[in-house]
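Student: The following block contains the structure, expressed as structure tokens.
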Amino acid sequence: MKSAVVQLPGLNRDRDMIAALTKISGHQPVTIWQTETEIPDVDLIVIPGGFSYGDYLRCGAIAARMPVMQAIIDKAAKGVKVLGVCNGFQILVEAGLLPGALMRNASLKFVCREIKLKVVNAETDFTRAYAQGQVIRCPVAHHDGNYFADEATLAKIEGNGQVLFRYAEGTNPNGSINDIAGVMNEKGNVLGMMPHPENLIEAAHGGSDGRGLFASALDVVAA
């Protein structure tokens, strides 16, 4: 699987993502800087976590207006898979690639801990390595992960199976509506999620529950 990791000022999880993708796919991702307007032929584009542009204005608002985002939008329109984790999720929402909004955590505090996720839809290119309803462990680290959507949007994404992950009962760290932790677009090739699967891919790091997401994408390419 060929992949690319986007780099923007303030993102600080790019090295973790590069390490995870390299270990799982056997190929080191190319890195794409914010000013680039072309992205090479890849199977997966990842926008990692962090605090792009210091989270000024709104989380992801400035990053979503960088030149590289139009290239990502164009690739997504052609069916290339795009994954946004944490700040990457916020950027995808700000860019209009995913529905809804991400607000300040209900606690008004930065949350950094391990939580449990429930796989709501295991029939996608991002989740097929998991079982339907499987509960996995995954770390979170964010201040603005409270997912919100209006009633019409919420009904649509729930009805379409666009919600892939929910925080398991009693573990919602931010107040997200319907315990939503990860959402994909209607086409099924763009996923945004607040938890960090790249930080739980091998036993030496405490477990490998996050590996399934990347393995799913890899299996689609290999099929």
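Every residue, even glycine, has its Cβ placed from backbone N, Cα and C.
Swiss-Prot lists these features:
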type	residues	note
DOMAIN	3-223	domain 'Glutamine amidotransferase type-1'
ACT_SITE	C86	active site, nucleophile
ACT_SITE	H196	active site
ACT_SITE	E198	active site
Student: Where's the emptiest Cβ shell within 10 Å among the active-site residues C86, H196, E198?
Tutor: H196
Student: What Cα-Cα separation, expressed in whole Å, is found between H196 (active site) and the residue listed as 'active site, nucleophile'?
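Tutor: Pair distance, Cα basis, whole Å: 7 Å.
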Student: When DSSP states are folded down to helix, strand and coil, where does E198 (active site) land?
Tutor: helix
Student: Taking the Cα atoms as reference points, how far is C86 (active site, nucleophile) from E198 (active site) in Å?
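Tutor: So the Cα of E198 (active site) lies 11 Å away from that of C86 (active site, nucleophile).
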